[in-house]
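To keep things clear, I will list the structure first and then write my remarks on it.
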Amino acid sequence: MQAYFEQIEKVRYEGSQSSNPFAFRHYNPDQEILGKRMADHLRFAVAYWHTFCWNGSDMFGVGSFARPWQQSGDALELAKRKADIAFEFFQKLSVPYYCFHDVDVAPEGNSLKEYLHNIAVITDVLAEKQQDSGVKLLWGTANCFTNPRYGAGAATNPDPDVFAWAATQVFTAMNATKTLGGENYVLWGGREGYETLLNTDLRQEREQIGRFMQMVVEHKHKIGFQGTLLIEPKPQEPTKHQYDYDVATVYGFLKQFGLEKEIKVNVEANHATLAGHSFHHEIATAVALGVFGSVDANRGDPQLGWDTDQFPNSVEENTLIMYEILKAGGFTTGGLNFDAKVRRQSTDRYDLFHAHIGAMDTMALALKAAARMIEDDKLNQLVAKRYAGWNGELGQQILQGNASLESLAQYAESHQLAPQHQSGQQELLENLVNRHLFG
């Protein structure tokens, strides 16, 4: 089979002085950071959809890419060709993982029977390619938002037949993910929301999606899937309002349906931007609530109100992300999936390499800076000092439920309390972070 990326043999680490655009300058997979290989900290994955399915189209123009697997012909054979090229890319990029939606890898077909057949065929193809290459599946998912049947949602659809079709897709995609050794399974409710409240029963739709997620958990245990279930929050787009608005909203939903011990979150940077949060906020919130699972590493444009899905290029922003992840013990089954696409004008096939190389170097630099912050420990010490009072007798009485409003009022009066504000030292902390970033 003729190589598609014939000009590249393999992307390798060459160091910060390298001028080779097809080399890593900072991502050295075998470099030891805090006692672990850099590759094992970062757990990079390529997104099948943006990299191999998007054709360069947008709301105002047709596709600008000329990918050979996107031409007319037998859909299943083209899907196999796409898999050939995808795994060529994974191996030449030296990336350990990939992620997919069901219909990214296999044509949907014109009927449920065709869909099931195509998924079965492509699952076998992917299994063979994983075996030959050593590339693994970080997570799989089902696309329950593109087909017109999902115009009013999948699990939240007013038609139970659509709900059943979506259940079939998730059932099939979960089984394929397990077969392929996937380490997670993701659920993103692209159209689980509403366009107008005039035709929407919020209570009904919430009960529907709650039951759907319970069935997903039941199926996970039934088939013995050992991976992590993940919900990916997003506030809007394509719907006006989505029910998985942000991490805190998802956590409230999980608590309502008794799923907070079963499902974690896959946090995307651009979705945080759309929700009016920083990426740092969403990661820290997920860690604080005990539901942090994985990351879709990309960036949005703060001046644009839609999901631009650009590759991450800010070491400053991502250092704080990696700091939170390292403090939490690092990834377990999750990783850094590049849910990002090259720009519509980036029509050269090798732009795919430039985009991923830059993103991987960005995250490597962020990891190294975050590790310096962990080793230095001054930031952590200053935060601990700020809350030290809660380790004392009064603080522990409050937290352990041994105090009431009345007892605290008596305490304040008897001790003639007159507490004074203590500086938050924000500027000192910002300087401390910059010192680790820039020396």
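Glycine is no exception: its Cβ is also placed from the backbone N, Cα and C atoms.
Within ASP201, ASP296, ASP301, ASP307, the residue that Swiss-Prot lists together with GLU232, GLU268, ASP339 for binding Mg(2+) 1 is ASP296. Separation of the C-alpha atoms of ASP104 (active site) and GLU268 (Mg(2+) 1 binding site): 19 Å, rounded to the nearest whole number. Reported as a whole number, the C-alpha separation between ASP296 (Mg(2+) 1 binding site) and HIS271 (Mg(2+) 2 binding site) equals 9 Å.
For the pair GLU268 (Mg(2+) 1 binding site) and HIS101 (active site), the C-alpha distance works out to 16 angstrom.
HIS271 (Mg(2+) 2 binding site) sits 9 Å from GLU232 (Mg(2+) 1 binding site), taking the CA atoms of both as reference points. The two recorded residues, HIS101 (active site) and ASP307 (Mg(2+) 2 binding site), have Cα atoms 18 Å apart. In sequence order, LYS234, ALA269, ASN270, THR273, LEU274, ASP296, ASN298, GLY300, THR308, ASP339 are the residues of the same chain, not among GLU268, HIS271, ASP307, ASP309, whose CB sits within 8 A of the CB centroid for the Mg(2+) 2 site. Within 10 Å of the C-beta of ASP104 (active site) there are 23 other C-beta atoms, taking all protein chains into account.
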